[in-house]
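This report refers to the structure that appears directly beneath it.
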């Protein structure tokens, strides 16, 4: 029985991993297809019949992945990371509590997702409404009503995904805009005060290896006890001929056996060792990154290559300050936006206007500003990962959950970014191209709403990240990561065992 349970757990993990990989590939593929259809529609390089057939498959499938399947899988992973099992019980019953928690989380996601529609301006909702059908025949009229309802639902979902996508990109951009300057300027000063050596890395690696070895030993012991207890229960059921009420009462008074008590202790120790392992792993990743940065900065070529990173970090600081000032100015001037004052946006907008004088420079500045948020996220990926590892040092469960859902999260962010950028692109294009994109997305978000919504969430992400870094430094006893922390004694233990 224990062997069958082990096989079932391994099979469920394999299916879960394959399902996440399949969901990631499908979502990214559908998002790329939608982007290609939009560009082909703008330039008029696609047949109408082929476009309608592709859209009939791509848009509903992408909506299903983003609204239903991926959030359902993420809710399942959240419940599993909290310690609940989705395996059937020994009596073959479904895990009702785990499934109930998953359903509750998914219901909460649907409620929040649909509530996002309340932030879309009412004028924009009325603007994109379609007139009622005017067909004469009853059957045709019913089909037209159903088709109109389906289009309205698709349009509403796309607009909500656009709002969610803008929020996600703004939060991630704010997170990256704080991470890049902190690691470029703050960590450089920390490296000069306390340079890392190979001995520090070896000591941390030894502690991590010792922790992993102890964790594997305790897991193996727990599996042995589980098999032993399962075998004892099976033999007890086979030899039991019925003891009536007295046997039931005596069985309930027996209490825990020594094996069950040891299993409970092992589970507590394993949970603690998993937290220590995640802590040491995050710390080691940060140390390796800092060691590599120090090695690069020790050469003339490395210092030359650091110039773009310093310039990029300075731009991130400027973007945060300028966005904050623009948000304050919007109280007196609602038309104020960061895109109109950003020098990079204005320069690229001038290039676009030089290419075609009929283009709206301010409109393209808004598009470039949103595109730059993706550039900031990609360019500061290494700094963002290091900051995330710093947060994961104090919350080990966050790192395990992120590793389990990394593929799903990347696919979800990529697809929502494509839809959000396309909705923003439609609102800025000329009328003929706008109608072409409207045939694909059937929705739009006003520029004023996009500016205010993006800048607000960008500042929220920046403030929360800065606050998290400050609190992390206070908890760690200083502004820099204390590489001398021994990870609850695991490093010294590993040195003694080696």
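Placement of Cβ uses the backbone N, Cα and C atoms for every residue, glycine included.
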Of the ranges 152-179, 180-207, 208-235, which one does TrEMBL list as coiled coil? 208-235
Selection from 21-46, 52-73, 94-114, 405-425, the stretch that has most Cβ pairs under 8 A to the transmembrane segment (161-185): 405-425
Which whole number is the mean pLDDT over the coiled coil (208-235)? 85
Chain residues outside the transmembrane segment (94-114) and at least six past its termini with a C-beta under 8 angstroms from it: 67, 71-72, 75-76, 78-80, 82, 84-88, 160, 164
